[in-house]
Amino acid sequence: MKTENTTLHAFKALACFSIVSLHFLLPGQFGVFYQIVARFAVPFFMMLSGYFSFNISRDKVKYRLKQMLLLTAASLLFYTIVHFVNLVLTRELTEKMASIDLSDFADFFLFNSPRDLIGSAATPTWYLLAISYIYTLYLIFYKHFHRLTSFGVSLFLLVLAFCIEFNISGTLYYRNFLFMGLPFFILGMQFAKHRDRILAYDLSSVRKWAIGLGIAGLILLEYCFMGTEYDLYPSTLLSSSAIFLYAVRNGTNIDIPILNNIAKKYATMIYIIHPFIIFIFRSIMPRNTIYSFGFFIIFLLSYLLSIAFQKTIRPRLISALPAQ
């Protein structure tokens with residue numbers, strides 16, 4: 001019987017928590033600092049998708065692509081409605097319609113950026129677009145995908161991502177499927193490919209401490225000298241990889257039922273719905289002490305709405321897909 005990796009579930013839940021904390025900070029100065037730590041989350045999710053996509057059948061890839069496209073379309077439609085209603089209420093609809101041009105569509109289709117078309121609340125849905133693009137590439141190049149996606153390709157794309165990030169203002173040109181998605185998806189696949197070697201590798205306690213302290217020290221240096229405005233830090237690559245490899249090597253070390261539940265059932269929906277909760281919260285909540293602790297309210301509401309979605313809407317979406 002195959003053992004469930006509950007440690008991976010725990011870190012998936014932590015990644016979900018961290019994503020929300022990037023868009024609405026945790027209280028105090030810790031919330032500002034945690035932004036750098038939390039950047040591990042998106043690469044971790046990409047690695048997770050790649051890890052469980054290694055050596056799967058073409059039909060399985062096709063099914064996952066259809067599933068992701070349906071989820072992406074539903075999410076984009078939802079945020080389009082939210083944006084439209086907001087523009088009507090603020091009487092900015094005419095101005096917005098007049099300002100839309102071809103570059104907004106280019107940003108959407110080429111760089112996975114829905115912000116200019118359907119509002120800032122939809123920005124996190126770039127991830128859904130990115131992973132859909134990656135599964136599309138996987139399907140098109142299925143026979144050769146594993147040969148085309150090596151550690152070398154991943155490293156090359158990451159170097160380009162860092163060069164773009166540190167030399168060009170804005171996130172548009174690197175926060176997309178090619179630079180923030182595919183390199184980490186490839187890493188996940190490579191970790192799956194070399195899983196037996198990873199499990200067999202003898203890593204001493206001294207080395208473990210050295211890796212952990214080294215990453216922690218790097219995060220502190222980045223916080224002091226680089227600030228928190230970047231999406232991708234050197235520590236992001238190291239921390240996401242270290243966390244993922246730890247989970248692969250220690251699959252049952254962490255086993256907390258509520259984290260398992262969040263990871264298996266609700267993480268994706270929390271990711272999708274939390275920007276809407278943040279949008280509503282910021283619109284109606286006065287800037288007081290309660291507002292400063294809004295992260296916990298937002299996460300809780302996102303979790304509860306995800307449970308409702310899982311029980312009501314998701315079965316209808318799944319029924320729209322052909323049998324796997």
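Placed from the backbone N, Cα and C atoms, the Cβ positions cover glycine too.
Note that the structure is a prediction, hence the values are computed from the model and not measured.
For 7-26 (among others), the entry in TrEMBL reads transmembrane segment.
Regional average pLDDT for the domain 'Acyltransferase 3' (8-306) in the model is 95. The domain 'Acyltransferase 3' feature in TrEMBL is assigned to 8-306.
Residues or ranges marked as transmembrane segment in TrEMBL: 32-56 (among others).
Feature annotation from TrEMBL assigns transmembrane segment to 68-89 (among others).
Sequence-distant contacts of the transmembrane segment (117-141) (same chain, at least 6 residues past either end, Cβ-Cβ under 8 Å): 19, 23, 42, 45-46, 49, 53, 58, 61-62, 64-65, 68-69, 71-72, 75-76, 79-80, 82-83, 86, 100, 104-105, 107-108, 148, 175-177, 180-182, 185, 271-272, 274-276, 278-279. Taken from TrEMBL, the feature transmembrane segment applies to 117-141 (among others).
Annotated transmembrane segment per TrEMBL: 148-167 (among others), in sequence order. Long-range contacts of the transmembrane segment (148-167) within the same chain, counting only residues at least 6 positions beyond its ends with a Cβ under 8 Å from a Cβ of the stretch, are 141, 173-174, 178-180, 182-187, 189-190, 230-232, 234, 237.
Outside the transmembrane segment (209-226), and at least 6 residues removed from its termini, the chain residues within Cβ reach (under 8 Å) are 33, 36-37, 233-235, 238-239, 242. Residues annotated as transmembrane segment in TrEMBL: 209-226 (among others).
Sequence-distant contacts of the transmembrane segment (268-284), counting only residues of its own chain at least 6 positions beyond either end whose CB sits under 8 Å from a CB of the stretch, comprise 16, 19-20, 23-24, 71, 75, 78-79, 82, 86, 121-125, 127-128, 262, 294, 297-299, 301-303, 305-306, 309-310, 314. Annotation source TrEMBL lists transmembrane segment at 268-284 (among others).
The transmembrane segment annotation in TrEMBL covers 290-309 (among others).
Just going by CB pairs under 8 A, the stretch in 7-26, 32-56, 68-89 that sits most against the transmembrane segment (290-309) is 7-26.
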